[in-house]
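Structure first, then comments.
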Amino acid sequence: MEDFVRQCFNPMIVELAEKAMKEYGEDLKIETNKFAAICTHLEVCFMYSDFHFINEQGESIVVELDDPNALLKHRFEIIEGRDRTMAWTVVNSICNTTGAEKPKFLPDLYDYKKNRFIEIGVTRREVHIYYLEKANKIKSENTHIHIFSFTGEEMATKADYTLDEESRARIKTRLFTIRQEMANRGLWDSFRQSERGEETIEERFEITGTMRRLADQSLPPNFFCLENFRAYVDGFEPNGCIEGKLSQMSKEVNAKIEPFLKTTPRPIKLPDGPPCFQRSKFLLMDALKLSIEDPSHEGEGIPLYDAIKCMRTFFGWKEPYIVKPHERGINSNYLQSWKQVLAELQDIENEEKIPRTKTMKKTSQLKWALGENMAPEKVDFENCRDISDLKQYDSDEPELRSLSSWIQNEFNKACELTDSIWIELDEIGEDVAPIEYIASMRRNYFTAEVSHCRATEYIMKGVYINTALLNASCAAMDDFQLIPMISKCRTKEGRRKTNLYGFIIKGRSHLRNDTDVVNFVSMEFSLTDPRLEPHKWEKYCVLEIGDMLLRSAIGQMSRPMFLYVRTNGTSKIKMKWGMEMRRCLLQSLQQIESMIEAESSVKEKDMTKEFFENKSETWPIGESPKGVEEGSIGKVCRTLLAKSVFNSLYASPQLEGFSAESRKLLLVVQALRDNLEPGTFDLGGLYEAIEECLINDPWVLLNASWFNSFLTHALK
């Protein structure tokens, strides 16, 4: 087939087809039928355009012999055969000069006489089938479709064939000749059978046997067989009268569509109750680090060695005591656990060689804190069949909690800049394609905006803690292992820094299933006095463990150092996602990228540089009771990142539900702002679905309060 193509077609056409296949990563040595099809399509496009001109009077004429004196303009602009970037440039230019609507897919030609884009099709199947596939894919009134077949048939939109009879006959004759030549060489059958439909059409394959019975059983109400349902779906017009559509779907439905006006929506009702509490797996804005710069000690990089080195930098330790007890816990056990950690670290230092990991003694306080022997005994269900009153144990409804100001403060803090660099610029090879150059430029600009951000610190801290905990859970299942909470960064001057936030002690961890829980006790340093916001620290027992000297503008001052201790738990699946928190960087980069793309398509050039370097321009960041908050592009990057990070830190079923349900209301409000006159039914049910997710989660409650601010300002 390849030899035939090279003999049969003009070398320029062959070269263009080779380029097209290379652009899509296809091998013409393997996909020979596709190679022939591309050449055929190119030739038909060129023949369609050949000899057709517009004269000075604006009339369409056919000129076969070049008359050098005639001032003629080509009637057709050829788009097919150009590389994608150039082709879109031509399309944009035509749209700008003629006012034509921009097509979704690249067409083949533009007709200056009839002012429309043309899609040419060449098919080895029936023309009407191919025509319908094309029309289904393009879904545009403005692109004219013209299909030719190898049997001399043709079909065009509204039977408007654009060209004169003779020009079309020339194309049909050429296609017939190609078919004959292929048949003579025994290539036609393979070529005819290799044609695939447009990718948007699903093949109709027959379903038989069990699958057929299951399909018939699982139809929506009022459909008696699969064909009946298929016919309904195929004939469903999406933009008809909604009430009619609903009544078609089920006899039970009699929804009345209510107009959605500015006065329709009410604010989301947030729950009353005691203030919500901190539930993240580690401290955020309240965390305190003991740090070493330019670490070069023996065993540097081994967590336990690093932790001991960091602990040695602090000299203000004192006899610990409880300043804020945990309401329901045995607080003396938390105190004893910290004393045990200090004592066992001291024992390590007295040893000749420091071990790589530390297994804690199974003392009564740690057994209590880690819930050892607390789980009810599991009994095989087979042994319980005869028990008459077997039932699942009752679980209490969660207590409703109200929004508290601390979660907004946490979010604001996450958007701020620190004086350290938390991520390095990725070392990626040289750019080879223009798109890679733009992508790496965007990535570098974005990295510069977020590398110092506190949310990025939380990412690196989360990745480290979850990785260390999952490793220990698998490697030392029965041990109470001591895991330092460590992060690494660079100072502004580029010096390496190792930070210790505190310690975790892991309980027994025979994790068979993804959701099996491993208990752990976290002990984290802080300078925050828990008595200022006791409701935030409901789940913690807080000790005072030392005094820290801090340098300030007025000289040195001493501040008490606290230790926040709590029992917590996590699972394999949660640790797996925690290890992948770097994805948050990617998600927020993609959101920024879509903003740049929107700007670039308006200006019709890449706006990355202007977007990041125009410091005077402000962008919307979010809603507050004061109105739409605006800030620099850097602030937008950091806010989007912080949102993504908090979605990971505070992930919960409440958040999933609230996000999914509130999005529906958001879309309706946006439709109202765009003057699309939206209608709704059962708006009360939607509010119910949103509000049942507002129970006690601080991040969900904050998002709901932001949503209310949005409603207020969007509907003014």
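Cβ atoms are placed via backbone N, Cα and C, with glycine included.
As recorded in Swiss-Prot, the features of this protein are as follows:
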type	residues	note
BINDING	H41, D108, E119, I120	Mn(2+) 1 binding site
BINDING	E80, D108	Mn(2+) 2 binding site
MOTIF	124-139	motif 'Nuclear localization signal 1 (NLS1)'
MOTIF	184-247	motif 'Nuclear localization signal 2 (NLS2)'
Residue counts (helix, strand, coil, in that order) that DSSP gives for the motif 'Nuclear localization signal 1 (NLS1)' (124-139):
12 helix, 0 strand, 4 coil
Using all protein chains in view, find how many other C-beta atoms are within 10 Å of the C-beta of E80 (Mn(2+) 2 binding site).
22
Using the recorded Mn(2+) 1 site (H41, D108, E119, I120) as reference, state which further residues of the same chain have their Cβ within 8 Å of the centre of those residues' Cβ atoms, listed in sequence order.
V44, C45, E80, P107, L109, I118, G121, V122, H146
Restricting attention to the motif 'Nuclear localization signal 1 (NLS1)' (124-139), give the mean pLDDT.
84
Give me the count of other Cβ atoms within 10 A of the Cβ belonging to D108 (Mn(2+) 1 binding site).
23
